[in-house]
Amino acid sequence: IGDIMEETGALIRKRRATISTGKCVPLKQVNGRSEVDESVNGRSDSGNIVTKRNVSDLPSTTSKERKKRINVPSDRQSCHRLQESLLSSASGYRNYRGVLNWCVVMLVLSNARLFLENLLKYGILVDPIQVVSLFIKDPYNMPAACLVIVSNVFIVAALYTERRLSVGCISERVGLLVHSINLSVTLCFPVTIVLMVKSITPVGGASALGVYTVLFLKLYSYKDVNKWCREMSHAKARSLARSLSCKSSVSTDYQVSYPGNVTLRDLYYFVFAPTLCYELNFPRSPRIRMSFLLRRLFEMLFFTQLLVGLTQQWMIPIIQSSMKPLEDMDLPMMMERLLRLAVPNHLLWLIFFYWFFHSSLNFIAELLQFGDREFYRDWWNSETITYFWQNWNIPVHKWCLRHFYKPLLKSGVSKWLGQSAVFLASAFFHEVRFLGLQLPLAWFVARFLRGNYGNAAVWLSLIIGQPIAVLMYVHDYYVLHYREGSAGGGPE
């Protein structure tokens, strides 16, 4: 019996030394004690060197502990753990794509309901021939075509002045005086024509002012860059590439240097190029991509018709129905018209942005092989009003930075004051009336709102602020034309 008990104890100790692979680890007798040999040639199964342990050192469990383990559920049985709700900020969850899709679907359904209500109430008002017939019937209502011919006078005057300055026929002071007169007339001439010719429609007058504002900015940049060239030429730097603002990423074999750039071809290329900042050597694309060009052309034609159709069908009825509340100064009805005007006006603004800054400017750039296509940045992620104004119209922002902000800093103006001046100038060229609303809003958003709240405030200013400006213009147009016309037989 003693021999049997001894063999049974050895067998139990051997089973305790069995590893997870199912193999038994041999026991060794050292100084009268059994030890587990965990090494094979001095290494474990994983290849790491291990040490020997006594069997008595292995953890042992009592009968009470075994009973407790039976009552504790395993990981497979557990269904709870420490965690936050997904909509809590502490959860770290950021995938809200489904919510964004839901917002898009709700927006589409809401707009579809409004558009269907408009169709049932007013019928089909879209008439693509109306705009064309208006221009054919009265060509003087198309000031852009007439004023473009006159604009060549100011372009040639700027070129002639620069040629005289390049050869030293006139002094810098006289050249500055001639440029100042030419730029002043360029900016004031369309305003005078719009005020004198009453047959010009508001849309035609606005387009004329826009064309001449762009020409003013281009000629100003042309004057400044050529002046910088002369200053560098006097400092024994005879060769100047157009890298005053940016370097060309495309290698060119031919680089123009001053005064070789003062040519009619060079100036007219700059006039038609989709930029407001002049350079001697623009970055050029290697070739014209016909597929890209045709896609942009199709987008231009399609979105032009879409803009005209939505304006005729959606915008004009709302604006016409707003005249009575504007006349009576009925504030509740004016607010209702404002909210009704917000959705179609914002939709038209988004379509116009894509049509102009992506389709049209890329079409012109591809046609002229103009390489710099950064016409806008991620303004839709703007968390401040200032960021929006700096990134939604890059050509204007670059002009303000290059010809306005940096000269102010060189003259000793502080950085904060210079940034404020650039913001005012940028807002002035975009919308004069909108400026009064944007300044306090820009300060409030930058001071108190951050992140998503700031981005929501920017979107709210775009959706609500622009219809306010539209109603202001409608009110002024109504006062100037409708009331006068009513005395003489009704509005035109």
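Cβ coordinates are placed from backbone N, Cα and C, and glycine is handled just like the others.
Because TrEMBL annotations are produced automatically, they should be read as predictions rather than curated entries.
Over in TrEMBL, the protein carries these features:
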| type | residues | note |
| --- | --- | --- |
| ACT_SITE | H430 | active site |
| COMPBIAS | 41-62 | compositional bias 'Polar residues' |
| REGION | 35-75 | region 'Disordered' |
| TRANSMEM | 99-116 | transmembrane segment |
| TRANSMEM | 142-162 | transmembrane segment |
| TRANSMEM | 174-197 | transmembrane segment |
| TRANSMEM | 203-222 | transmembrane segment |
| TRANSMEM | 297-319 | transmembrane segment |
| TRANSMEM | 339-357 | transmembrane segment |
| TRANSMEM | 456-474 | transmembrane segment |
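If one looks beyond the transmembrane segment (142-162) by at least 6 residues along the same chain, the residues whose Cβ comes under 8 Å of a Cβ in the stretch are 135, 170, 175, 178-179, 182, 185-186, 189-190, 193-194, 197, 200, 204-205, 207-208, 211-212, 215, 219, 222-223, 226, 262, 264, 267-268, 271. Beyond the transmembrane segment (297-319), the same-chain residues lying 6 or more positions past its ends with a Cβ under 8 Å from any Cβ of the stretch are 115, 118-119, 121-122, 124-128, 130-131, 337, 340-341, 344-345, 347-348, 351-352, 354-355, 358-360, 363, 470, 474. Residues 141-144, 147-148, 151, 154-155, 158, 162, 179, 182-183, 186-187, 189-191, 193-194, 267, 270-271, 276-278, 396, 399, 402-403, 429 of the same chain sit 6 or more residues outside the transmembrane segment (203-222) yet have a Cβ under 8 Å from a Cβ within it. Listed as Cβ neighbours of the transmembrane segment (99-116) (distance under 8 Å, sequence separation of 6 or more from its ends, same chain) are residues 313-314, 343-344, 347.
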